Each structure stands twice: as structure tokens, then as C-alpha cells.
Amino acid sequence: MGLLSDPSISTQSKLVDGLARHVRKVCYALYVAGVAWFFCLALPEFNHGTYLSENALSPGLVYPEIRIDANRLAIQLLEELQRERKDHLSTTPHAWIAAKMNEFGLETHTHNYTLRYPFGGGKEYHGKNIYGILRAPRIASTEGIVFAAPYRAASSVHADISASVPLLLAFADFARRKNYWAKDLIFLVTEQEQLGMQAWLEAYHDGDRDLDVSKAYLRPGNLPARAGSLQAALNIEVQDLEIDHVDVRIEGLNGKLPNLDMFNLVQRIMAREGIASGYKQAPRKKRRHSQSHFEQNLRQMLTMLASQSSGVPTGNHGLFHRYRIDALTIAANRRATHATLKGSPGSAAVPLLKAIEGIARSLNNLLERFHQSFFFYVIVNNDRYISIGDYMPALVALVACAFLKAYLTWSTLPATNAELDKAAGWLKEHEQEVELEENLDPDKFELPYGSVLIYLTATLLIGFLCNVLPLQQYFLEIPMGAAPLTTSVLSFLSLIGFVLPFVVVLPPGGLELLHVAFLLIYGCALIVIGLLNFALGFFAAVLTVPLVIALETKEENSRSTLRNTIRLATLAMNPMMVVYVIVLAMTFYQFPELPLQKIMLRAATAAMDASAYGLIDSVIYGNWLYFVICTIFLPLWIICWTLSLSKRRDYADYLDFDESPSTPSQLQSQVQPQSKVKTN
């Protein structure tokens, strides 16, 4: 704030006055520059080719040793598992998995966990994970690598990935026969998708910590045995042993990504084994397209940012990142037809098994954690990327609009009683002849800092209540589902924020001061969000910066049509409205055959579910999205709505104005100047 409050900076400076007169034009120019910079990143001249920074990985340096006998074992295990699945339609065949791990010589253990569902009225759900440890024969158990496969029950509505477990067990049997492992290998089969993985990770790292059972929703329990410090993890999701392509999924919790070296390692190994793989890899029949390279790259970038912005992991690997463990998922999709199958169907799984072996042996060579390559990047295509130093200027240009407008707004505020232009004009309108005294106290005029601070605190309190109230015991006892309850609480608090500017009117100078505070808080919030999750910060900036630039508190500087348009746009920017519009667009894209009325109704139901799922993800997994929307975006929207209304208290009411003052000097002492904000 030193720069903004430096008294040596004259408010009558020609540069400041010139910028203040054209502040909107300058800000819109910065906005266009930021968006244009992002679009330019799709050009090859603005991005870079991928490479391996960690020489110790040495991908493909050794000849793969897996043979066709491992494929036969995988086929045999898959047939046995299919028979077991008939007896376990909605459960996991724990006994069969544990027996196979014991048969292959692994140190097998069972992990039990309990979930106390927040909106379940005290109901508890129990789960069980099975894991086996292959101790490193050449070194003490100081480091470990995790190979995980989620088990999906036969009754699940999601795609069948039951082939993942046989493939994992076949590789475990191969790894047990080798003595070159320098790290412990953990083979993990999880239950209940990401919930089982989250419980296992909490038990692995925090199992010995005392847990408040009354407040914890997920009770991870304790692990009977552990390996060393986990260096990396590979999650395997295979639909069938005969695969068409491999989709490499990297998005983790809250938009975190694994080290770029790990993605490049998987790509190198898959290419060596002749497997079509990549980020958002498409099936063979959909790979032909007529789009230009620029359009393909831009679509890939926007797809990745859209996936990151929600903060929801695209696989079980995403939960490792919060523990500083680099992980990704290889999702192998089944081949639609056997017409183009090369070789014998009995050896279809050999390339994928060789790829897993190559990845494991490269990770086994690591001398330390991944650190040499990038953790913040955007994938343009499978062999090109954009680093943080290239894409952050786009966000900085967008956020610079808020800081520039805050500086110019502050610089044009009246600082002393010598600036009584507005007051003098007000007196002329009332045909009062007033002689202003020459010797005025230059420090008499003060901005209402206290009132603005209280107003900001009230808006933050509304956001805090959005996080706290839905989980209070009183609300949980209401016979209402999670989605209607959460939506009702959020709607009620949003309504309070909507009514707040009509109830609380700031004193003279308060709106201008609130405007400056809003711009500073808005800019800082977007920068912080962008550093933690660039996708969320960038999309929020692109959507809201034009409204922030157009926002104005002085009625004499804005046309009524423009002001009404800004108010309507501000209403449309309500966080709940934005969520509904996003869900509506997704619903229309997925169900174009439905009539509009049904699409809107289905979108409303999905938006209500999204609010409940966001809250549940926040308390169980630590997803930030719900917290950011309630604690940051909703208070900012309330302030923006207040500024768009521009309701200000009359000076006469504020100063206890006397309609018949006895002397002109008394009248002058009762009048305070309005702010001189010259923007257009």
C-alpha cells in the first residue's frame, strides 16, 4: 500500500489524469493482450518440445524380460476373476486377491477403513483394501514404488476395468523373480474407487496420528506393514487385455500435476513397445480429423485446463500428489474389433506388460525424487508442452487490469478539504451564497475506513457461513437430502448478500474506498488461485475481468443503459448462476435430443448435486473448489453487486444537515466533498 498512499504522488499529475480518463480503454487493451498471448501459445513458436531432464531414468536402456508366459498367467487370472465376480456382484473378492498375492510370494496385508457419511444421519460405510509388498533384496526398506489397480464391482455403472487386477498380479509374479530391485514394490488393489486410495494414503502417512473420531468423516485405520518413503506411483486401469490405445491421465487433486519427466517417461516407453498412447488419446477411428495444428493444439490446451479447473482427480493417481508423490494413470481402452490385431490374441497383453516393466525399471533407477523438470505446465500435444514461465504472463496481463484501475481510482480520490468542487456545485444548485474560508485544514477530510472494513467483514462472514452451516448438526438432522440441503443453505446466504446493499448504505466516500479494496482483493485472489490452480484462475479472470473493468461507482460518469447492463451482468455472475449455466451447457452437449424444458430441469438437478459433491469432496479429499467459491468468489460477488447498485447515503443525512443554517461558515463546515473519480 506504500505506492498507493504515497503523498508525494500528485493527484493532478498529467499522466495520472490522462490514464484516469482512459482507464477502461487501457484495461481492455491489457485484457485483449492477455487472451491473445494465451492463444499464441498454441503456435509451435511459443511452446517447446518434451525432453527428459532426469538422466537417471534411462528409459529403454535395458531389454525387457517379460515373455509370453506372463500373458498366459494374466489370461488365466482374468478367467478366474470373472468366475469370482459372479459371486461378488456388489463387493470385492478380497479372499481371492489376497490368496493370489500370497501364492506369488508377496507380503500380503489387509487394510480396513470406515467412512462416516456427512449427510447420512450417522450411517457408516466400511471398506477394505488388499496390498502386497515385495521387499527390495539389495537394500533396506527406505524407498518404495506403488503399483495400484482399482477394483470396480460388477454392479458399477462405470466401465468395466476388471482386467487391471490380473495384469497387476501377473507383473507382481514377474517382479518377484528378479533381484535387481533397489526399492520396495507395493502392489495395491483398492475398493470404492478414490475413497479406498485416500484412506490407504492417510493410513500410510498419518496412521499413527491420534484422530478425533467424533469429527473425522474418514477413519483410515492403521496399516499392518509399510514400505519405505514412496517415490512414485503408477495407477493401472485396463478394460481388456486386448487394447486399442492408452490414455495417460495426469490431472490430480486441485489441479496438481506429476513431474513432466514422469509423463515423458511413460510416453517413451509406450512408443518403444508400439502402443498408441498420449494425453487425451483418441481411439483409432477418431484420430483422423481435418483441423489445423493450431486448432488441435488449442483444443488440447483448453481441454486440459477445463479438466484441471474442477480440481477433481482424473484417477486414483491424483491423490498421491498432496503427499509429494509423482503419480499418473495409464488407462488402456479395449480394442473395438480384432480385424487389425497384429500377432496372436494370446500375446495381446505382452506389450502393455513390457511397458509396465520398463516404467518400473526406470523408476527403480531414481536416486532421488523427481525435481529437475516442471511441475507446472500445459500439454499442447504428446511431444510439446508450455511451461509456467510461458503461460503466466497471460494471467498477469488480465489481473493487471484490476491493479491499474485500483491505483487510478485511489489517485483521483479527494485527500483534503481544499477539493470542494462538488460541494460548491451542490450549493449553487440550492441557490445558497457561501463564502468559503481561505484557510482550510488540508487534513480534515477522512475516508470512512471503519465502515468499509465492517462491510468487508460482513461479506467474508457470509462466505464463511457457506462452508460451516451445511455441516452443522442442526441442519444435518433435517430430513432432507444432501443436494437440496446444501443448495438451500447456499441460496439463502446468497439472498442475504443480494439484499445487503439495500439494507446497509455506506457513508460518503465509502463506495469509492470499497471499489479500491475490491479491486485489490480481486487481483490478489486471482493471482493466488492462478499460482495454485492456473486453470481455475485463468477461466475466472477471462469471465469476470470485463465486468470488473466496466464497473463504475459514479453515476454522472455512466449512462443509465450501461449501468443497467452492468447490473444484469453482475447478477448473471453470481457463483450459483455460473455453476448452473456450466452444467446446463454440459447437459445440452450430452443430451441434445431432449427438449429444452427437460434439459433445464435436469441441469438444475445436476447443479444441486454438484454443490453437494463439492462440499463432500472438500471435507473428505481436501478439494479446494467449494471453499474457493464460497470464501472468495461469493464475497467478491456481493461487493461487486454493491458497487453496481452504487447506493450512497445523502450528505445531509450523514452530517445531520440543518436546512436553515445560521451562517455560511456553518453551512460550509457541514458539507464534505464527494470523490473526483474521472473514468470513462
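Backbone N, Cα and C define each Cβ position, glycine as well.
Curation plays no part in TrEMBL annotations; they are all automatic predictions.
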Annotated stretch (transmembrane segment, per TrEMBL) among the listed ranges 147-170, 363-386, 483-506:
483-506
Please check if the transmembrane segment (571-591) comes into contact with the transmembrane segment (483-506), where contact means 3 or more CB pairs closer than 8 Å and the residues in each pair are separated by 6 or more positions.
yes
Can you work out which residues elsewhere in the same chain, 6+ from the ends of the transmembrane segment (452-471), have a Cβ less than 8 Å from its Cβ atoms?
118, 485-486, 489-490, 493, 496-497, 500, 504, 506, 510, 513-514, 517, 521, 615, 618-619, 626-627, 630-632, 634-635, 638-639, 642
Chain residues in Cβ proximity to the transmembrane segment (518-551) (below 8 Å; excluding those fewer than six residues from its ends, i.e. six or more beyond):
24, 27-28, 31, 34-35, 38, 254-255, 304-309, 311, 376, 378, 388, 391-392, 394-396, 398-403, 405-406, 409, 456, 562, 566, 569-570, 573, 578, 624-625, 628, 632-633, 636, 639-640, 643-644
